[in-house]
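**Student:** Sequence annotations record features per position, and here Swiss-Prot assigns ATP binding site to 12, 13, 14, 15, 16, 17, 120. Taken from Swiss-Prot, the feature Mg(2+) binding site applies to 16, 32. Taken from Swiss-Prot, the feature substrate binding site applies to 34, 58, 79, 139. The region 'LID domain' feature in Swiss-Prot is assigned to 112-126.
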């Protein structure tokens, strides 16, 4: 069985962009938990949070994670998926977790360039740069503790994918005596 790959990291780190390209490169299926959830409940994340609160959204997010997990799949997760211990445990036990790490300034620049940035409800009520810094400070340790692989996601997607592939191959050689792909 080819294990699923779970991409974790903050908003703007490239989980969806890198995930789609990685899935193509590895000939795997791609799914984004936020997109899957929104399509299945016919509501945006903002609508879910407004109606059910963050706790309701997080519960739906956990269910989405389990629903989309399948062999030979690259899963782009929501930035806060690691907040729930059950999600961290689930990902570690059911696949390989890859943390796409990037500094605050890179994340803010990417988010400001996205037209849908205003569609996501604020977590702190602060400016984008303050919120990104605060949220990353709180979550970075959880991303790092959960990840099997940590990749510098400040580079172009092609470089990030090359690094992921090399690290997956190293991991496979250490664990199995063979290549991942």
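Cβ coordinates come from backbone N, Cα and C, glycine included.
Map these features onto the structure and tell me what's around them.
**Tutor:** The number of other Cβ atoms within 10 Å of the Cβ belonging to residue 12 (ATP binding site), over all protein chains shown, comes to 24.
In the three-state DSSP assignment, the secondary structure recorded for residue 32 (Mg(2+) binding site) is strand.
When Cβ atoms from all protein chains are considered, those within 10 Å of residue 34 (substrate binding site) total 21, not counting its own.
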**Student:** Can you give me the same-chain residues 6 or more apart in sequence from residue 17 (ATP binding site) with a CB-CB distance under 8 Å?
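**Tutor:** For residue 17 (ATP binding site), the qualifying residues are 157.
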**Student:** Take the C-alpha atoms of residue 34 (substrate binding site) and residue 16 (ATP binding site) and report the distance between them in angstrom, rounded.
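**Tutor:** For residue 34 (substrate binding site) versus residue 16 (ATP binding site), the Cα atoms are 10 Å apart.
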**Student:** How far is it from residue 32 (Mg(2+) binding site) to residue 16 (ATP binding site), counting Cα to Cα, in Å?
**Tutor:** 7
**Student:** From the binding-site residues 58, 79, 139, pick the residue whose C-alpha lies nearest to the C-alpha of residue 14 (ATP binding site).
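**Tutor:** Of all the candidates listed, 79 is nearest in space.
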